[in-house]
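What TrEMBL annotates here:
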- SER65, ASN115, GLU161, ASN168, TYR192, TYR244, VAL262: substrate binding site (BINDING)
Amino acid sequence: MIADLARCVAEAYEVALPHRGKGKVADYIPALATVDPNRFGFALALPDGTVHTAGDVDIPFSIQSVSKVFTLALALRRLGSSLWTSVGREPSGSAFNSIVQLESENGIPRNPLINAGAIATTDRLIDGRGDEATVAEILDFLRARAGDDSIAIDAEVAASESETGARNRSLGYFMKGFGNLHHPVEEALGVYFRQCAIAMSCRQLARAGLFLAMEGRDPITGEQLIKPHRARRINAIMMLCGHYDNSGEFAFRVGLPGKSGVGGGILCIAPGQGSIAVWSPGLTEAGTSLVGAVALEHFAYAAGWSVFD
Ligand SMILES: NC(=O)CC[C@H](N)C(=O)O
C-alpha cells in the first residue's frame, strides 16, 4: 500500500505537538537561547517538487551541525577519497565536541559529523582557496539546492560562535599538533563557525537534502552533484554518526539517516523517496531536537520509510 504522505506529515506533527517545551534550548550563545521553544516545523520534499508541510516551515533557524553533511558532500566532490586520510567513518560514541579519542588516534577524528571531524573536513574543503571562497561555495551550493538565493549567514550567530569557540579551537589546535590540518587553525575555524551560522527554514533544508535521497542527483535541476556511491556513503555515515552518542537510539527509533544540529533542526534522508527537515529548538542531552525526533519516528513508521522496513 502506498502511504498518503500529506496525511503522514500532518499526523507526525500532531503526535509530536504535545512534546513541545520538553528538552532544553541551546544556551551557549544568546541568539540561540532566545529562540521560542514552542517553534515546530516539519517539511517533506519529494523528488517531483512537491513539498508537504506542517507548522513553522518558513522561519529560518540556525542549521548548526546539519551543515556538516553539506560540507562533507562538497569535500568529497572536491577531493575524492583522499578526504579519508584526514577523517574516519566510525561512530564515536562520545559527545559532539569530545577531544579524548583524538589523542590516542593520531589526531584523526572518528567521523566527519562530530565537531573535530567536521573541522578537519572543512579544512580540506578550503583546499588552498582561502576562507571567503570556501564560505561562498557552501552558501552558493545551499542556495542552488534550495532554489532560494535569500539563504544567508546569521552574522550575530557567527560572531558568537567565534567568541565562544574555545573548545572548537582546542580541537583544531590538537589536530594541527598531529599534522592533520592543512591550513591555519583560524582559517578552518573561520569557515566552520560561519557554516554553523547559516540560517535556513525547514522548507529550504528539506529541498536542499533531496540530492542525498536521489543518488547524488538534484531531481529538480537534474544536475548530478556527487557520484551515486558517495551519496550512499554519506547516508551510511549519517545513519551511524549523525547524532553523536545518540545515533544508535535514533536509528532504533527512526531508521533513517539523519543529522541533528543544536539549533533544533534535523535533516533526515529517505533514500529513493524524499528528504525531511524538522525544527523544534528543545534538545535532548545529546543535542538532538526532542520534538523533531518524535515526529520523525512517527512519520517513518506511518510512511513505511524506515530503511529496515
Ligand atoms: N551539534 C551542533 O550543532 C554543534 C554546533 C556548534 N556550533 C559547535 O560547533 O559546537
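Heads up, the Cβ atoms here are built off N, Cα and C, so glycines get one too.
Note that TrEMBL annotation is computational and uncurated.
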Neighbourhood of ligand 1 - binding-site residues from SER65, ASN115, ASN168, TYR244, VAL262 with Cβ under 6 Å: SER65, ASN115, ASN168, VAL262
Most Cβ neighbours inside 10 Å, all chains, among the binding-site residues SER65, VAL262: SER65
Most distant Cα pair in Å, residues SER65, ASN115, GLU161, ASN168, TYR192, TYR244, VAL262 binding substrate: 20
Around the Cβ of TYR244 (substrate binding site), the count of other Cβ atoms that are within 10 Å: 24
Around the Cβ of GLU161 (substrate binding site), the count of other Cβ atoms that are within 10 Å: 25
Cβ neighbours of ASN115 (substrate binding site) where a neighbour is any other Cβ within 10 Å: 22
Fewest-neighbour residue among binding-site residues, criterion Cβ within 10 Å, set ASN168, TYR192: ASN168
